[in-house]
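Q: Once you've had a glance at the structure underneath, I'll fire off some questions.
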Amino acid sequence: MAKENFNRSKPHLNIGTIGHVDHGKTTLTAAITKVLSDAGYCQAKSFDQIDNAPEEKERGITINTSHVEYETANRHYAHVDCPGHADYVKNMVTGAAQMDGAILVVAATDGPMPQTREHILLGRQVGIPRIVVFMNKVDMVDDAELLELVEMEIRDLLSFYEYDGDNGPVVQGSALGGLNNDPNWVPKIIELMEAVDNWIEEPVRDVAKPFLMPVEDVFTITGRGTVATGRIETGVANTGDPVEIIGMGAEKLTSTITGVEMFRKILDRGEAGDNVGLLLRGIDKADIKRGMVIIKPGSVKPHAKFKAEVYILKKEEGGRHTPFHNNYRPQFYVRTTDVTGVISLPAGVEMVMPGDNLTIEVALLSPIAMNVGLRFAIREGGRTVGAGQVTEIVE
């Protein structure tokens with residue numbers, strides 16, 4: 001079968017393998033590409049190609065991640081696999097690889113292990129909506145009752161973290177068998193991908209969400225008015241749309257878009273991902289500054305207090321050399337600007353060591369446009385010391 005070109009007519013989803021070290025995440029990733037390439041949908045990637053993950057920098061943090069792409073009959077997937085546990089934590093907390101769903105790999109020989117639990121918890125915290133389970137190494141377990149027990153244990157764990165443990169698919173197979181073309185195990189890889197196709201839902205694309213653009217720069221065009229530039233984060237900006245400008249001390253300014261410019265051309269509209277200049281009616285250059293956010297009226301509110309899941313960099317990663325304590329006051333770099341905030345640690349936590357990940361509460365000195373899932377870096381004197389995302393808005 002001839003290799004197809006990248007086909008944009010298929011819906012695109014981002015997924016990844018998660019689970020305990022040595023349970024077979026990378027072998028499974030290789031097996032998926034092997035089985036789907038035999039079906040003519042993608043190029044196979046070997047274990048070594050995937051395991052040898054390149055370093056990437058995301059919000060000042062170095063993460064090793066492997067990106068693989070493949071297609072099923074119905075969808076196109078970008079799949080992320082990380083070599084080390086710390087890379088997973090960093091990847092999920094910083095959102096370096098946003099996941100629309102995940103494949104949880106659990107070795108039947110071990111059952112759920114500490115990192116299995118930790119990855120499910122992180123998935124819940126950072127909003128991975130659905131999880132499909134692949135029970136691996138089933139060929140190494142002779143006892144059918146044991147397999148049943150392991151599956152029950154996994155389902156209980158998913159339910160505990162508010163996933164649908166009762167109804168979610170659990171596929172029992174062997175990643176190595178699938179990779180080695182074993183006729184007993186190849187169908188299980190196909191069954192897994194059918195489960196992924198059916199269970200993991202297509203996400204609402206950014207364009208379909210309400211309009212939001214963080215302001216990067218502001219200038220005046222003589223005779224035409226004030227222009228705010230930035231990259232549209234979500235939604236669409238049309239000429240004639242009413243907007244609000246909020247955050248960083250803006251007292252809910254309202255305006256109307258009188259023009260959208262991109263690459264020095266006038267357009268009717270700009271959409272998520274575009275770098276644009278918006279011409280704003282009745283707004284003075286002095287009214288608006290970097291760090292404010294232009295939104296569809298009423299869609300987002302400014303907030304100053306929130307809870308967040310964060311990862312604190314190790315010394316070797318360029319982070320702090322010493323722990324920090326309650327009431328630590330770093331800067332939070334959100335979208336386009338730094339805001340100072342005060343960190344409150346959870347009860348019973350005296351201090352936070354470099355390399356930790358935990359839930360904190362933050363009080364910012366000035367409110368900013370905020371929603372659950374908003375990502376940020378924690379900085380001190382211009383260097384990144386941590387990263388995270390908002391899990392709950394307090395006020």
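Numbers here mean position along the shown chain, with the first residue as 1.
Heads up, the Cβ atoms here are built off N, Cα and C, so glycines get one too.
For reference, Swiss-Prot lists these features for the protein:
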type: BINDING; residues: 19-26, 81-85, 136-139; note: GTP binding site
type: BINDING; residues: THR26; note: Mg(2+) binding site
type: DOMAIN; residues: 10-204; note: domain 'tr-type G'
type: REGION; residues: 19-26; note: region 'G1'
type: REGION; residues: 60-64; note: region 'G2'
type: REGION; residues: 81-84; note: region 'G3'
type: REGION; residues: 136-139; note: region 'G4'
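Looking at the shown structure, what environment does each listed feature sit in?
A: Around LYS25 (GTP binding site), the same-chain residues six or more apart in sequence whose CB sits under 8 Å from its CB are THR17, ILE18, GLY19, ASP81, VAL105, listed in sequence order.
Under a cutoff of 8 A between CB atoms, and with a sequence separation of 6+ in the same chain, the neighbours of THR26 (Mg(2+) binding site) are THR17, PHE47, ILE50, ASP51, SER66, ASP81, PRO83.
Across the residues of the domain 'tr-type G' (10-204), the predicted structure has a mean pLDDT of 92.
Sequence-distant contacts of the region 'G1' (19-26) (same chain, at least 6 residues past either end, Cβ-Cβ under 8 Å): 47, 50-51, 66, 81, 83-85, 104-107, 110, 112-116, 119, 136-137, 175-176.
Counting residues per DSSP class in helix, strand and coil order gives 0 helix, 4 strand, 1 coil for the region 'G2' (60-64).
Mapped onto DSSP classes, the region 'G3' (81-84) shows 0 helix, 1 strand, 3 coil.
Here the region 'G4' (136-139) has, by DSSP, the following mix of helix, strand and coil residues: 2 helix, 1 strand, 1 coil.
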Q: Non-local Cβ contacts of ASP22 (GTP binding site) (under 8 Å, 6 or more apart, same chain)?
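A: Spatial neighbours, sequence-distant, of ASP22 (GTP binding site): ALA107.
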Q: When you scan the chain for residues with a C-beta under 8 Å from the region 'G4' (136-139), skipping those not six or more beyond its ends, what do you find?
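A: Apart from its flanks, the region 'G4' (136-139) reaches 23-24, 27-28, 105-109, 147, 172-177, 184-185.
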Q: Within the region 'G1' (19-26), count helix residues (DSSP H, G, I), strand residues (E, B) and coil residues, in that order.
A: 2 helix, 1 strand, 5 coil
